[in-house]
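Copied over from TrEMBL, here are the features:
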type: DOMAIN; residues: 25-420; note: domain 'Ammonium transporter AmtB-like'
type: REGION; residues: 443-464; note: region 'Disordered'
type: TRANSMEM; residues: 12-34; note: transmembrane segment
type: TRANSMEM; residues: 54-76; note: transmembrane segment
type: TRANSMEM; residues: 88-108; note: transmembrane segment
type: TRANSMEM; residues: 120-141; note: transmembrane segment
type: TRANSMEM; residues: 162-188; note: transmembrane segment
type: TRANSMEM; residues: 214-234; note: transmembrane segment
type: TRANSMEM; residues: 246-266; note: transmembrane segment
type: TRANSMEM; residues: 299-319; note: transmembrane segment
type: TRANSMEM; residues: 340-358; note: transmembrane segment
type: TRANSMEM; residues: 397-420; note: transmembrane segment
Amino acid sequence: MAVPSSTHPRCLLPLFLGLFQGALLLFFALFVTYDEASAQAEDPTLVANQVYSTFPFFQDIQVMLVVGLGLLLAFLPRYGFSALTHNFLLLNFSMQWALLLQGLLHHLHHGQIHLDLHKLLISEFAAVTVLISVGAILGRASPCQLLVMATCEIPAYLASEWVIVPCLGVLDVGGTITIHVFSCYFGLGVSKALFRAKQQPAHPKETPTPRSDLMSLVGTLILWVFWPSFVAVLCQPGDAQHRAILNTLLAMSASAITTVVASSLLERDGKLSPGHLQNGSLAGGVAIGVVADMAVPPVAALALGSLSAVVCVLGFRFLTPLLGRKLTLHDQCGIHNLHGLPGILGAAASVVAVLVASKDTSGSHPSQLSPVGGNASEVMEGQWGGRGAGEQALCQAAGLAVAVGASLLAGLLTGAALRLPCLARPPERLCFDDSLYFKIQDQAESPGPDSSAEEGALALKEQD
């Protein structure tokens with residue numbers, strides 16, 4: 001018997017994206033122009049140098065987000081097309097949405113927004129929060145749900161970042177607090193509200209295969225190579241940027257080695273876990289971002305990288321199962337272990353670094369032991385933006401509290417909104433499967449014995 005189907009869920013995605021892109025075209029036509037100051041600069045060489053010094057970092061970040069992060073999320077064997085494509089779609093959607101909001105809120109002068117590479121880069125940083133957060137519900141949400149999630153998360157992130165950096169004066173050049181911590185707990189809040197108190201059972205399509213794990217590990221290697229650009233791009237050129245690159249490389253090198261040690265010790269046979277390698281090797285880059293441009297000694301960067309890898313691996317081994325049992329908290333990609341725990345560790349390290357730096361400056365030049373560059377406060381007579389070390393340390397802790405609290409609240413509200421039936425959440429039996437969203441050529445040419453059953457389930461889903 002033929003199952004009647006509705007075109008409503010099928011048309012919702014192109015309708016949503018078409019209206020958004022049309023509205024953005026109108027917005028750009030009315031309000032956006034290129035930066036006149038750069039176009040009319042007296043010294044074209046100076047403008048060229050600024051572009052050439054920033055664009056290589058920008059390209060590195062593009063490779064990280066489009067290729068590296070996309071492949072990292074491809075560990076689900078039958079969800080590779082969806083992971084890569086949805087990651088790419090969300091990056092472009094979130095970047096344009098952030099560019100629009102930031103332009104209206106901060107860059108609208110005399111009815112015009114002057115576009116430059118720096119504003120585009122800041123918008124891409126906002127989009128990173130969405131790409132991280134969706135890891136908590138990867139494979140169990142429809143594209144429409146992910147787009148609504150991005151629509152809600154970008155303004156929440158911009159508000160949180162405004163409170164943390166300009167208002168509180170938190171030093172976080174690499175986005176450890178403003179990006180990684182915020183996106184982690186936003187994603188967990190969405191997951192908790194979306195799935196409520198229901199324990200998500202293990203899905204037969206959820207188990208990685210050697211091939212999918214290999215793809216994910218390639219994504220890790222790409223992220224590992226380009227991560228210093230992500231941390232250092234907003235630093236002031238010169239010593240601060242140089243320190244940020246060196247500290248990031250040291251931290252990530254230490255986290256890579258420590259991940260192998262910790263993973264091997266946690267297994268009785270001494271074998272390595274691919275999941276540990278895919279995430280623990282990057283934990284150092286998350287933790288070091290908040291202190292990367294500070295003149296911390298090299299051994300501190302190595303120690304922070306090692307500690308972040310340990311907490312990441314231990315989180316996968318013990319904390320994630322515990323949170324699943326006690327709080328029924330679903331975290332598909334383990335974003336709490338890669339972004340949340342190392343982010344909190346990095347924030348704590350920034351408090352210590354500020355306090356230690358204030359003691360060390362008593363007999364030396366203050367500017368050499370004070371944070372500079374990026375969104376760090378201006379160094380004035382050994383202080384941070386006119387603050388003492390104790391006050392700045394409190395600001396660092398307050399910034400962490402704001403990031404966790406604001407992201408959890410916004411995530412819970414967003415997750416509740418994602419439960420709307422019109423957003424076409426996939427049924428449990430069709431989760432983690434590309435065939436729900438993609439025309440797979442292999443299956444079209446040689447349908448398997450279960451294809452009719454799967455088509456019937458898809459028709460029932462469309463009817464809902």
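Cβ from N, Cα, C; glycine included.
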Interface check, the transmembrane segment (162-188) with the transmembrane segment (340-358), three or more C-beta pairs under 8 A: yes
Stretch in 88-108, 214-234, 246-266 most in contact with the transmembrane segment (120-141), if contact is a CB pair under 8 A: 88-108
Residues of the parent chain within Cβ reach of the transmembrane segment (246-266), under 8 Å, 6 or more residues beyond its termini: 174, 224, 227-228, 231-232, 272-273, 276-277, 280-285, 287-289, 291-293, 296, 298, 301-306, 308-310, 312-314, 317
Under 8 Å Cβ-Cβ from the transmembrane segment (214-234), and at least six residues away from its ends along the same chain, one finds 54, 56-58, 60-61, 63-64, 67-75, 80, 121, 173-175, 208, 241, 244-245, 248-249, 252, 256, 274, 277-279, 281-282, 285, 288-289, 292-293, 373-375
